[in-house]
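Engineer: Please read through the structure below; I'll follow up with questions.
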Amino acid sequence: MDDFSSISLLSLSMLIGCYVAGTIPLAVNFSEEKLKLVTVLGAGLLCGTALAVIIPEGVHALYEEMLEGVHNHGHGQVEAEVSEQKVAEGVVRPSGEHGHGHEQLHAYIGISLVLGFVFMLLVDQIGSAHMHSSDDPEAARAASSKITTTLGLVVHAAADGVALGAAASTSQTSVQLIVFVAIMLHKAPAAFGLVSFLMHAGLERNRIRKHLLVFALAAPVLAMVTYVGLSQSSKEALSDVNATGVAMLFSAGTFLYVATVHVLPEVGGMGGHSHSPGGSAGKGLSKLEVGALVLGCLIPLVLSIGHQH
């Protein structure tokens, strides 16, 4: 019951923290110029979070689970398993098994990231295919962008929830706390970034709050469902396939898609950027906005460095 109460507490904290962070742009009245700056900062936070927090944490979770698995087994059992695999694979060198494990993990990293990215790409295409039937293609594109951004972050948050539920099922408090801190480090900035992006896109405040609530609920609900729904045998199987790390890396792929394909182009287009050679509108972002974008990218990096120490 101890594990259940801890996952409940973590889920509740995640819900409240995420929702409060998301209401900051709504609570403060920004001018047009300041709203643009906040949106750019939010875009930077999304990108920095994906690159500096989620991917490293996912990779760390993968390798940590492998190393713990090696240390936790009895030495005789490990030697027997290794020798059996060596006979099966024809590996002579003692380092062969170690290298094989690392190759397998490298494959996990790439596959998880790419699947997350491709999943969001397909969701985006399906969503935009439904939208293109509208008479006004520009309005349809904008609506599709809002929905995809929210949906992408909700899918990402759901994957986070699965990661936390899988971490809780390992019964290791340190793993639970690391995953929780990693998720909160990027969920709060992501909520801020999502709300500022939706405000810039011109959504009504009531609808923005609904989007935010869905985003805030996704991770806690999925964490509880994952934890409660897993039988002991499933938990053991999940720990064998490094579920926590894989789920985090999959969510990083969805996050990268949302940040790079939707939010950044929207932000870049705000300054009337033009790629035409003689285009006088090719201003792009102002120096202040570029500074805000870079700052947004660096904040998660600084937070993650502080968290590691």
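Cβ from N, Cα, C; glycine included.
Pulled the feature table from Swiss-Prot, pasting it below:
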- Asn29: N-linked glycosylation site (CARBOHYD)
- Asn242: N-linked glycosylation site (CARBOHYD)
- 7-27: transmembrane segment (TRANSMEM)
- 35-55: transmembrane segment (TRANSMEM)
- 107-127: transmembrane segment (TRANSMEM)
- 147-167: transmembrane segment (TRANSMEM)
- 177-197: transmembrane segment (TRANSMEM)
- 211-231: transmembrane segment (TRANSMEM)
- 245-265: transmembrane segment (TRANSMEM)
- 285-305: transmembrane segment (TRANSMEM)
Engineer: Let's check the environment of Asn29 (N-linked glycosylation site): how many other CB atoms sit within 10 Å of its CB?
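Structural biologist: Its Cβ has 8 other Cβ atoms within 10 Å.
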Engineer: Among 7-27, 35-55, 245-265, 285-305, which stretch has the highest count of C-beta pairs below 8 Å with the transmembrane segment (211-231)?
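Structural biologist: Looking at each of 7-27, 35-55, 245-265, 285-305 in turn, the most contacts to the transmembrane segment (211-231) are made by 7-27.
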Engineer: Should anything in the same chain at least six residues away from the transmembrane segment (35-55) have a Cβ under 8 Å from its Cβ atoms, list it; otherwise answer none.
Structural biologist: 25, 113, 182, 185-186, 189-190, 192-197, 199-200, 248-249, 251-252, 255-256, 258-260, 263-264, 266-267, 270, 285, 288-289, 292-301, 303-304
Engineer: Check the DSSP secondary structure of Asn29 (N-linked glycosylation site), expressed as helix, strand or coil.
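Structural biologist: In the DSSP reduction, Asn29 (N-linked glycosylation site) maps to coil.
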Engineer: Where, among 7-27, 107-127, 147-167, 177-197, 285-305, do we find the most CB pairs under 8 A to the transmembrane segment (245-265)?
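Structural biologist: Top-ranked stretch among 7-27, 107-127, 147-167, 177-197, 285-305: 107-127.
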Engineer: For the transmembrane segment (147-167), what are the same-chain contacts with Cβ under 8 Å, counting residues 6+ beyond its ends?
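Structural biologist: Apart from its flanks, the transmembrane segment (147-167) reaches 7, 10-11, 14, 61, 116, 119-120, 123-124, 127-128, 175-176, 178-180, 183, 187, 190, 194, 197-198, 211, 214-216, 218-227, 230, 235, 238-239, 243-244, 247-248, 250-251, 254-255, 257-258, 262-263.
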Engineer: For the transmembrane segment (7-27), give me same-chain residues lying six or more residues beyond its boundaries with a C-beta closer than 8 angstroms to one of its C-beta atoms, as numbers and ranges.
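Structural biologist: Here the qualifying positions are 35, 38, 42, 161, 164-165, 168, 176, 180, 183-184, 187-189, 191-192, 194-196, 199, 205, 208-209, 212-213, 215-217, 219-221, 223-224, 227.
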Engineer: Other than its close neighbours in sequence, what residues sit by the transmembrane segment (285-305), given a CB gap under 8 Å and a spacing of at least six beyond its ends?
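Structural biologist: For the transmembrane segment (285-305), the nonlocal Cβ contacts are 36-37, 40-49, 51-53, 56-57, 185-186, 189, 193, 267-268, 270-271, 273.
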